[in-house]
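Please read the structure below before turning to the comments.
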């Protein structure tokens with residue numbers, strides 16, 4: 001008896017729970033199991049799959065009332081909002097991780113140098129679609145190289161205060177995920193450069209990726225020469241942009257890469273001096289770590305600052321810019337050289353930071369000057385034609401000037417041989433005939 005009562009109560013509970021889980025009935029549609037659980041009556045004998053059943057009015061109000069429908073809709077909307085927030089939070093999380101893996105600010109600087117090289121190599125007409133594709137491809141390749149750099153240095157970054165909060169050391173993203181991101185962006189960027197620019201630009205982009213990720217990155221833990229290898233890596237993007245625009249590598253196209261190469265040495269020497277402890281903790285072999293006094297570090301920085309001095313004159317002499325850029329570039333180089341001299345004389349953290357800030361200011365001003373004062377091919381051609389016309393006309397001008405000078409001398413000579421009576425015959429005696437002068 002006790003078992004039967006338990007069974008009956010369990011069935012009632014089951015029926016109630018199943019009744020509470022009924023779907024919304026907007027048009028009076030019910031399932032057969034509901035009518036069976038409700039009790040007896042002719043409704044329970046209805047065949048399965050019938051559309052309309054004979055509920056009482058009270059049951060109709062309980063199951064299909066607008067109030068229950070509104071409650072269920074509100075709960076569904078709340079669940080949808082929560083799910084949407086989860087998706088947005090996930091997108092923000094991975095967006096931040098991808099930006100930090102790509103070193104977004106550094107990659108944007110790389111894109112700026114590549115874009116400047118593209119404009120300088122375009123001549124008088126700029127292909128803006130090609131410009132955008134070149135910048136996008138450069139951005140993807142730079143993001144891939146930076147990500148691979150962090151994959152290889154995850155253990156070293158975990159030991160440095162400056163880098164231990166990056167996505168990989170902090171565990172915010174997995175290494176396989178980062179490798180997938182690097183591979184996809186690297187291949188897409190190279191393919192974009194190959195299809196929208198040319199194979200020369202794509203080859204420069206791919207070689208720079210390999211040089212940065214697989215040569216420069218391991219060298220940081222082996223030998224201080226890594227700084228100079230890294231300077232080569234930084235000098236390639238403007239050459240990439242020039243090649244993407246012109247389809248070739250010429251002497252004029254080497255000017256901005258040379259500026260990038262010489263600029264990076266004082267920039268990174270100052271950074272390495274300021275972060276010596278961090279680099280030592282991370283196991284990196286930087287040039288400043290083997291220089292306790294900082295004298296050699298400062299001398300290397302000063303020497304490369306002085307190498308920047310003739311670049312403005314070369315840009316003007318090669319016909320790349322106007323003469324104003326020669327003056328502006330020289331003043332910029334003198335300014336950064338002044339901070340390098342101060343660092344060489346004092347070798348303090350304050351002077352190193354001043355030189356670092358000067359290097360941050362130098363590059364954008366230098367590139368802006370190149371773009372503002374650049375001379376296009378049409379302007380160069382007009383200047384050459386004008387110069388050629390002047391050269392062609394110079395013998396005629398000289399002949400004309402010589403003839404005029406000869407006539408002037410003859411007139412002066414003839415004037416000296418005029419008799420004195422001639423002057424008296426003109427004004428005082430107008431009735432006399434005009435004298436004739438014989439030439440001797």
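In case you wondered, yes, glycine gets a Cβ from its N, Cα and C as well.
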Candidate ranges 106-122, 276-292, 293-309, 378-394; TrEMBL annotation transmembrane segment resolves to 106-122
Expected hit for transmembrane segment in TrEMBL across 55-72, 73-90, 199-216 is 199-216
Checking 26-46, 173-193 against TrEMBL, the stretch recorded as transmembrane segment is 173-193
Note: vs the transmembrane segment (228-249), the recorded stretch with the largest number of Cβ pairs under 8 Å from 106-122, 322-344, 356-375 is 106-122
The answer for the transmembrane segment (106-122), taking Cβ pairs under 8 Å and residues 6+ beyond its ends, is 130-131, 134-135, 138-139, 142-143, 146, 234, 237-246, 252-253, 256-257, 260, 320, 363-364, 367, 370-371, 374
Long-range Cβ contacts under 8 Å made by the transmembrane segment (322-344), restricted to residues 6 or more beyond its ends, are 266, 270, 295, 298-299, 301-302, 305-306, 308-309, 311-313, 315-316, 351-352, 354-355, 358-359, 362, 365-366, 369-370, 372-373, 375
